[in-house]
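Undergrad: Structure below; questions to follow.
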Amino acid sequence: MVRVMATGVFDILHPGHLHFLRESKKLGDELYVVVARDSTARKNGKRLVFNERIRLEIISELRMVDVAILGHEGDIYRTVVEVRPDIITLGYDQKFSEAEIERNCRALGLNTRVVRISKYSNPDVESSSDVRKRILQLVGDGS
């Protein structure tokens, strides 16, 4: 069984997130999704609409997701060691080096491959920020 691990904040779920998770699932038999902790997301500059428990609940209900868990605060590799994925997928906009993650996994005794998932091709909704902007436009227009 090939185990795939995808990670993200997943605040304001949108079609780009679904694309990322669907493409991740295609790479293996089991898809583990690690939802970022509130503290981790905020440390990285994210302003959250939903807290980590709500985001975890939403992700766990998606049919392509086999297991959804909260990440650990501080050390991202602690979760990697627990899940032991064959593949880690990264979104097009995640600021991690594939080679560095693979090296760090090897140092932990894991033979994990890292795959970057392509960008979702819909110019109307590319990110949670786009959704926020659209909502603000609608509220501002009174629509």
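Glycine is no exception: its Cβ is also placed from the backbone N, Cα and C atoms.
Bear in mind that TrEMBL entries carry predicted annotations, made automatically and left uncurated.
As the structure is a computational prediction, the values presented were derived from the model and not from experiment.
The following feature annotations were taken from TrEMBL:
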| type | residues | note |
| --- | --- | --- |
| BINDING | Val9, Phe10, His14, Pro15, Gly16, His17, Asp93, Tyr120 | ATP binding site |
| DOMAIN | 6-134 | domain 'Cytidyltransferase-like' |
Undergrad: Please find which two of Val9, Phe10, His14, Pro15, Gly16, His17, Asp93, Tyr120 have the most distant C-alpha atoms, given that the record lists them as binding ATP, and give only that distance in angstrom, rounded to a whole number.
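TA: Farthest-apart Cα atoms in Val9, Phe10, His14, Pro15, Gly16, His17, Asp93, Tyr120 are separated by 17 Å.
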Undergrad: Using DSSP, break the domain 'Cytidyltransferase-like' (6-134) down into helix, strand and coil residues and give each count.
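TA: Residue counts in helix, strand and coil order: 52 helix, 21 strand, 56 coil.
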Undergrad: Between Phe10, Tyr120, which of the binding-site residues has its C-beta surrounded by the fewest other C-beta atoms within 10 Å?
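TA: Sparsest of the binding-site residues Phe10, Tyr120 by Cβ contacts within 10 Å: Tyr120.
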Undergrad: State which of the following binding-site residues has the fewest other Cβ atoms within 10 Å around its Cβ: His14, His17.
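TA: Among the binding-site residues His14, His17, the lowest count of other Cβ atoms within 10 Å belongs to His14.
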Undergrad: Taking each of the binding-site residues Pro15, Gly16 in turn and counting other Cβ atoms within 10 Å of its Cβ, which one has the fewest?
TA: Pro15
